[in-house]
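Working notes, beginning with the structure itself.
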Amino acid sequence: MLIWLAANLVVTTLLTGTLFVPGVSFGDSLVWIVCGTVLGAIVLTLVAVMGVRTGLSTMALTKGSFGLRGSIVPSLSNLVILMGWSWVQAMLAGISVDYLIHAWTGYSNPILFAALCQALVVLLAIFGHVGIARIEPLFALVIVSIIIYVFAVAFTTHPPADYFAIAIDPALGMDGAIVFDIVFATAISWTVLSADLTRTARSVRAGAAGAAIGYTTSTILAMTLGVTAISYVLLEGNEAIPFDPTLIITAFGAPLAAVMFLSVMATNTMVMYGMTLSLQHAFPRRKPLPFLPTALGLGVVAVIGATWLGLLDQFTNFLATIGALFIPVFAVMIVDYYLARRRSYNREILNYKGGKYWFTRGWNIGAILVWATGAGFYTLLTTVWFSPVGAALPTVVLSGLMYWIWTKLARISEPEGVESRHLADEFEMAPIE
């Protein structure tokens, strides 16, 4: 549970909460945050349990449903998403540093500081990721102290009734369905790591409870803080600029900038390290790509991308991309594992080639088609056919139903009574040609 509390008590989740008010009311924001978090946590927990039962990472598990070669589709999509998160984190760190430097010296260059922060992250990911992993939970405690401080300042300055009375601005084009999709996409963005973070749990029950309770608690707290902070800014008579860390820093003091910097840098280091590991194992090779060249290559892209500060203005579109790419992936994985495979994968999922997960030359064509259809459907619902219930839930239903039909047509199944196996101890590729 602690690892999930630490993972999502981060600045990006806090700032996500600043996207909602005054597009929707303070009260409605809280309701949709809870709904989106709880339903998103169900998907996250189901994938986390797959990790506990098999001992495999999330991307390794995609081989069971997408095929030994087809898994490259979600793996490369994962790299795109992690790189985007890395850029966002570096930008937030750079903006925080820029705020402090400007306050002390008058010099301001957020693009330069973002690039420097990202370069430091690359070095930490290569040489210091173990130490960062150990101290990252401490930053969650720091964020908790910030939460207490911000809530205390906000609600002692203005009574709760003032927050609930903030007028809605319809011109912003925000509604409850959009808020739900953003919150749900946040859960999906963490689901790509859910099996990785949970697979070492002592038991399935402990892993499921830790993921569900830890993620739900941390996300609701962090996003509620963001909603409260942006509402406080409005009540103080200032302009509310969503996903702008300087707005929060200005409102609540410079020490918050230092805390934001440390928290974001720690989280981003683990994102960079995880991205390197993902790319190492993304391709169907007998041996993974070498760590150092892979990390340096990704590092160059990460540093260059960190200078694109305009991405922060497109953050909701970035979350929509996450939803489009990964909601169909997890719908396919869940139907494949829990319904078709009766909660069981065998050691052939570890093969380099051949076996029951080889499908058609390594590709499960049905899973790929469902993924593409689901991604296109989600995109249509967010850009052309605006659904009154949002895009996330219809995409889950469509993708899951389509893949369930495919499993029947392709006769993808396991016999009754099949036993689940913990495969982490067998993680050597079988020499099947």
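For all residues, glycine too, the Cβ spot is worked out from N, Cα and C.
Sequence-distant contacts of the transmembrane segment (30-52) (same chain, at least 6 residues past either end, Cβ-Cβ under 8 Å): 17, 20, 24, 58, 61, 176, 179-188, 190-191, 194-199, 201, 203-204, 207-208, 211-212, 215-216, 219-220, 223-224, 227, 330, 333-334, 337-338, 392-393, 396. If you look up TrEMBL, you'll see 30-52 (among others) marked as transmembrane segment.
What TrEMBL records for 72-95 (among others) is transmembrane segment.
Positions annotated as transmembrane segment by TrEMBL: 107-126 (among others).
The transmembrane segment annotation in TrEMBL covers 138-157 (among others).
For the transmembrane segment (177-197), the residues of the chain that approach it from at least six positions outside its boundaries are 3-4, 7-8, 13, 16, 19-20, 23-24, 28-29, 32-33, 35-37, 39-41, 43-45, 47-48, 50-52, 54, 56-61, 78, 81-82, 85, 211, 215, 219, 223, 274, 316, 319-320, 322-323, 326-327, 330, 382, 387-393, judged by C-beta separation under 8 angstroms. For 177-197 (among others), the entry in TrEMBL reads transmembrane segment.
Look at TrEMBL and you will find 209-235 (among others) tagged as transmembrane segment.
According to TrEMBL, the feature transmembrane segment maps to 247-271 (among others).
The annotation transmembrane segment is assigned in TrEMBL to 291-312 (among others). Outside the transmembrane segment (291-312), and at least 6 residues removed from its termini, the chain residues within Cβ reach (under 8 Å) are 83-84, 86-88, 90-92, 94-95, 110-111, 114-115, 117-119, 121-122, 125-126, 243-244, 272, 275-276, 279-280, 318.
A Cβ distance under 8 Å defines the sequence-distant neighbours of the transmembrane segment (318-340), meaning residues of its chain 6+ beyond its ends; these are 16, 43, 46-47, 50, 61-62, 64-66, 74, 77-78, 80-81, 84, 88, 181-182, 184-186, 188-189, 191-192, 311, 367, 370-376, 378-379, 382, 391-392, 395-396, 399-400, 403-404, 407, 412-414. The transmembrane segment annotation in TrEMBL covers 318-340 (among others).
Per TrEMBL, the feature transmembrane segment maps to 361-379 (among others).
The transmembrane segment annotation in TrEMBL covers 385-406 (among others).
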Should the transmembrane segment (72-95) and the transmembrane segment (247-271) be scored as in contact, given a threshold of at least 3 Cβ pairs under 8 Å and pairs 6 or more apart? yes
Per the 3+ Cβ pairs under 8 Å rule, pairs at least 6 apart in sequence, do the transmembrane segment (247-271) and the transmembrane segment (107-126) touch? yes
Determine which residues of the chain contact the transmembrane segment (361-379) at the Cβ level, with the cut-off under 8 Å and only residues 6 or more beyond its ends counted. 65-70, 73-74, 284, 320, 323-325, 327-329, 331-332, 336, 353, 391-392, 394-395, 398-399, 402-403, 406-407, 409-410
Looking only at residues six or more beyond either end of the transmembrane segment (138-157), which have a C-beta under 8 A from one in the stretch? 2, 5-6, 9-11, 14, 163, 218, 221-222, 225, 228-229, 231-232, 235-236, 252, 256, 259, 262-263, 266-267
